[in-house]
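Per Swiss-Prot, these features apply:
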- 64, 87, 88, 120, 121, 140, 218, 219, 220: S-adenosyl-L-methionine binding site (BINDING)
- 143: active site (ACT_SITE)
């Protein structure tokens with residue numbers, strides 16, 4: 001996407017630099033953070049994030065969106081769909097918000113379909129989304145919580161899967177990616193055991209337009225690539 005030279009000379013907007021938004025890799029999802037959230041999805045003013053949303057609803061949710069690389073890619077691939085990133089870390093969510101704001105100024109009329117909200121998706125997901133609202137949910141490189149005592153904090157678990165099945169429409173998809181084999185096996189086991197989901201075949205995964213983007217669009221994915229790490233992908237359908 002090229003920016004008109006005259007227009008770019010008149011605009012001093014620059015993309016934010018991550019080095020000014022550094023924060024620890026993960027945040028405790030059980031801690032008592034201070035969040036603002038609606039009592040019901042109808043009470044949330046989505047227009048504050050999406051100027052053109054009108055009566056439409058968000059279709060994609062990137063849970064733990066990190067620095068927003070994949071979220072921005074979603075906005076480019078699906079210009080007619082609204083995607084939200086949910087991030088618990090304050091500095092990281094600030095970066096994504098500033099990044100989207102800068103992209104909108106640099107590319108007039110674009111990136112108006114993506115936004116980031118600082119919240120705890122493990123606690124407040126159903127406060128933001130109606131039943132059967134979402135078409136896709138993404139869990140890219142989530143915190144592995146290696147210690148067994150902290151496995152209950154993992155973003156994929158039996159209790160939370162019931163909430164995900166509630167906000168996902170029939171035929172909707174859950175995408176998971178991690179560089180930790182143990183976490184990959186954990187997520188697959190729990191999702192496959194849940195009666196509301198079925199795993200896509202390898203052929204279906206390969207045919208999905210987002211499969212390649214899942215691996216390297218996010219900043220974490222690029223880091224894993226640089227370090228020559230493994231990447232484990234699985235996609236599940238809401239039945």
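Each position is counted from 1, following the chain as shown.
Every residue, even glycine, has its Cβ placed from backbone N, Cα and C.
Spacing of residue 220 (S-adenosyl-L-methionine binding site) relative to residue 143 (active site) is 11 Å (Cα to Cα, whole number). In the three-state DSSP classification, residue 220 (S-adenosyl-L-methionine binding site) falls within a helix.
If you take the Cα of residue 218 (S-adenosyl-L-methionine binding site) and the Cα of the residue listed as 'active site', they are about 15 angstrom apart, rounded to a whole number.
A straight line from the CA of residue 121 (S-adenosyl-L-methionine binding site) to the CA of the residue listed as 'active site' spans 13 Å.
According to its DSSP assignment, residue 88 (S-adenosyl-L-methionine binding site) is coil.
Across the residues the record lists as binding S-adenosyl-L-methionine (64, 87, 88, 120, 121, 140, 218, 219, 220), the two Cα atoms farthest apart are 20 Å from each other.
All chains included, 19 other C-beta atoms sit within 10 angstroms of the C-beta of the residue listed as 'active site'. A separation of roughly 12 Å, to the nearest angstrom, links the Cα atoms of the residue listed as 'active site' and residue 88 (S-adenosyl-L-methionine binding site). Reduced to three states, the DSSP call for residue 121 (S-adenosyl-L-methionine binding site) is helix. Counting neighbouring Cβ atoms within 10 Å of each of the binding-site residues (88, 121), the lowest count belongs to 88. A 10 Å cutoff on Cβ-Cβ distances gives residue 64 (S-adenosyl-L-methionine binding site) a total of 23 other Cβ atoms nearby, all chains included.
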